[in-house]
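> If you scroll down you'll find the structure; I have some questions about it.
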Amino acid sequence: MKHILSIQSHVVYGYAGNKSATFPMQLLGVDVWALNTVQFSNHTQYGKWTGMVIPKEQIGEIVRGIDEINALAECDAVLSGYIGSAEQVAEIVKAFEQVKARNPKAVYLCDPVMGHPDKGCIVADGVKEGLINLAMAKADIITPNLVELRELSGLAVENFEQAIEAVKVLLTKGPKKVLVKHLSRVGKNADQFEMLLANEDGIWHISRPLHAFPKEPVGVGDLTAGIFLANVLNGKSDIDAFEHTANAVNDVMEITHQSGRYELQTIAAREVILVPKSHYQAVKIA
Ligand SMILES: Nc1ncnc2c1ncn2[C@@H]1O[C@H](COP(=O)(O)OP(=O)(O)O)[C@@H](O)[C@H]1O
Ligand SMILES: Cc1ncc(COP(=O)(O)O)c(C=O)c1O
Ligand SMILES: [Mg+2]
């Protein structure tokens, strides 16, 4: 069994951060060590929430505790997502270095969750800079959405061709795999939901249906990054991991859409996360 140290948000109500990613990763047979960067009542796109940002010292403390019971070498990957404060970024990088010291084969998937003013996703000041200046260089896998791809590459990314260029830039900055979680308005087709995967062998594109939500669910990026990492650790090829991720997430979106609920319906979708009903295929484009 593989073990992931998953450092991201916890929401008591609903599904975002660790609440979105942990259960699907467990379904895929991975042991998840959830370490929370914040404990909030609900995700930030409700516009209000209660709870607290976890003090940055907790990250090192928890990792030290796991090391003191001689379990850190069991860790196969660190996953980071929604980060609560700028200072937590350096602590997360340090945590990954400690894991690497015990298990040199461990990998780091950085889901570079940044604020998104249009959507109402609120992330603390300085986190974005920490992701760009500290975390990206350490990451084996990085999973930006369009806004994050622009910030990480420093390119404007106004169309599909520029997205490809930006992904190539990220491959020169540390990460060996880049998964663009959502191409959004630079996709090929405005009425599809599109993603890219790039590694040293090439670039693949996948397209799946876009559902008309009255209010789009949050936590989809977290779900995408978690499923992709679980697949990679389970030994799938990058392309199989990419296709399973797209299909499983699509099925969760379809079930969520049918439910008429705002929160992701990951529990109702448990069976299709394991064995998706959709079979969209990745196409090699470069
Ligand atoms: N199949 C789909 N149909 C419609 N909307 C979707 C679908 N899949 C995901 N979404 C929405 O697309 C948005 C993706 O957000 P974005 O910030 O671009 O990336 P991410 O959530 O991956 O960080 C979310 O609001 C999510 O609810
Ligand atoms: C607490 C929290 N965690 C995680 C996220 C990231 O969500 P997504 O996967 O939609 O990018 C958000 C976005 O608003 C959030 O508020
Ligand atoms: Mg996101």
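We number each residue from 1, going along the chain as drawn.
Yeah, the Cβs are placed from backbone N, Cα and C, and that goes for glycine too.
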> For the ATP site, TrEMBL lists ASP111, LYS181; sort out which one of GLU148, GLU151, GLU216 goes with them.
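Of GLU148, GLU151, GLU216, GLU148 joins ASP111, LYS181 in the ATP site that TrEMBL records.
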> Which one of SER9, SER237, SER259 goes with THR44, GLN45, ASP222 at the substrate site, as TrEMBL has it?
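TrEMBL names SER9 for this substrate site.
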> With H, G and I counted as helix, E and B as strand and the rest as coil, say where DSSP puts LYS181 (ATP binding site).
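Its secondary structure by DSSP: coil.
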> What does the structure give for the C-alpha distance between THR44 (substrate binding site) and ASP111 (ATP binding site)? Integer Å is fine.
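With the alpha carbons as reference points, the distance is 17 Å.
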> Please compare the binding-site residues GLU148, ASP222 by how many other CB atoms fall within 10 Å of each one's CB, and tell me which has the fewest.
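Result for the binding-site residues GLU148, ASP222: minimum number of other Cβ atoms within 10 Å at GLU148.
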